[in-house]
Amino acid sequence: MSKKLLIKTWGCQMNEYDSSKMADLLNAANGYELTEIPEEADVLLLNTCSIREKAQEKVFHQLGRWKTLKDKKPGVVIGVGGCVATQEGDSIRDRAPYVDVIFGPQTLHRLPEMIKQSQTSDAPVMDISFPEIEKFDRLPEPRAEGPTAFVSIMEGCSKYCTYCVVPYTRGEEVSRPMDDVLFEIAQLAEQGVREVNLLGQNVNAYRGATHDGGICSFAELLRLVATIDGIDRIRFTTSHPLEFTDDIIAVYEDTPELVSFLHLPVQSGSDRILTMMKRPHTAIEYKSIIRKLRKARPDIQISSDFIVGFPGETDKDFQDTMKLIRDVDFDMSFSFIFSPRPGTPAADYPCDLSEEVKKERLYELQQQINSQAMRYSRLMLGTEQRILVEGPSKKDLMELRGRTENNRVVNFEGSPDLIGQFVDVKIVDVFPNSLRGELLRTEQEMNLRIATSPSEMKAKTRREDELGVATFTP
């Protein structure tokens, strides 16, 4: 009987990616199979996020529930990973001594040996260090789970925004070598992946080493990924306005695989608040980037992050944010009330705003974004859209579900063999959270670009023999 693994994931797409790698790693090393039933699990892993308020208490609340399972089944291994583990490792060890393994985002590759070690140790096994980007060298080959996939291209952030814990929990920016990224994507393409989402806390700061000792920029990486046959759609998240340079914008002019949708967090429309956040750009500079993007790709749609109620935010500061939202005409946003994160400079800033005012501002902001998003959706009525078919519709299992470039879900009637392919549909109805389409043509009738086969890309990748001597086929 196979051993069972349950992974509970909170937080960003990087955490989702890390959790998938944990599952692959433990399956390859020890034969663990995933389960969603806690009572079945031999190993319970909690992959945590420390961005939001009360993240630590949320962790201890979940661990308390798992302790009940461990009391009934003493052999169960409980592990805590992610950013809360990095920040609060000692606290977890003290407050929850029944936790067996504590690991950080950069040490998840050590999970098999840490779990094994914990089974012969009375004390929790903990490693929350930052060993550069070693974890990517220790992970098994990627396994595709559908036509879309996340691929991490870098880790950490070196910007040190005053409200953010990422530099303290994931370390500073470290880029994966270019060959490693391309090899992973080629492996996924061979398994039927059609869309990749390149991940990092600040992907446009990517500077990956090349086989000949050079450096590959993010713009160059995007163009290389686009040449891999089968990869017909590229997304990336998240970006920083400071390094959204003209060479990246130029990729939107000549690389159709790069989607007409961009998540570019601005956080506030007030220059005063941006300075307090240590965001080294102004609202006007942000709008200048958007103007250049829309010149390169007129149909591009923009989403952002916003923090409402930052310490010292006045009504004028908030109205400056609302003006930026209207001027840029954002399509969607992730918006939150400021919550102080322990150890960050902003946690010590005085704040005299009432919770009521913060909630009112958040509601006003979200209503504005929602109205803009609905207007964009209505403008799509009657248009032709190319969608990647992801699987059965969640509303009707007899129908299919796909996604447009601008992240709209489209439900339509079609045969199951279309799953994993691109189709063109006509949008015939608009709903708050989805669109309805009618099938116009399938992939066989399209002229999708073919450049480099996945096997060719893999053959070009840097290799080391048993002596560690590297070779590269140009």
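Placed from the backbone N, Cα and C atoms, the Cβ positions cover glycine too.
Note that the structure is a prediction, hence the values are computed from the model and not measured.
These come from Swiss-Prot:
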type: BINDING; residues: Cys12, Cys49, Cys83; note: [4Fe-4S] cluster 1 binding site
type: BINDING; residues: Cys157, Cys161, Cys164; note: [4Fe-4S] cluster 2 binding site
type: COMPBIAS; residues: 457-466; note: compositional bias 'Basic and acidic residues'
type: DOMAIN; residues: 143-375; note: domain 'Radical SAM core'
type: DOMAIN; residues: 378-441; note: domain 'TRAM'
type: REGION; residues: 455-474; note: region 'Disordered'
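Other Cβ atoms within 10 Å of the Cβ of Cys157 ([4Fe-4S] cluster 2 binding site), summed over all protein chains shown, number 23. Sorting the binding-site residues Cys12, Cys49, Cys83, Cys161, Cys164 by the number of other Cβ atoms within 10 Å puts Cys83 first. According to DSSP, Cys83 ([4Fe-4S] cluster 1 binding site) is assigned to a helical segment. When the Cα of Cys49 ([4Fe-4S] cluster 1 binding site) is compared against those of the binding-site residues Cys157, Cys161, Cys164, the shortest separation belongs to Cys164. Apart from the site residues Cys157, Cys161, Cys164, the chain places the Cβ of Lys159, Tyr160, Tyr163, Val165, Val166, Pro167, Gln201 no farther than 8 Å from the centroid of the site's Cβ atoms, the recorded [4Fe-4S] cluster 2 location.
Each residue in Trp10, Gly11, Met14, Asn15, Thr48, Ser50, Ile51, Gly82, Thr169 lies on the same chain as Cys12, Cys49, Cys83 and has a C-beta within 8 Å of the C-beta centroid of that [4Fe-4S] cluster 1 site, without being one of the site residues. Between Cys83 ([4Fe-4S] cluster 1 binding site) and Cys164 ([4Fe-4S] cluster 2 binding site), the C-alpha separation comes to 12 Å.
Taking the domain 'Radical SAM core' (143-375) as a whole, pLDDT averages 95 in the prediction.
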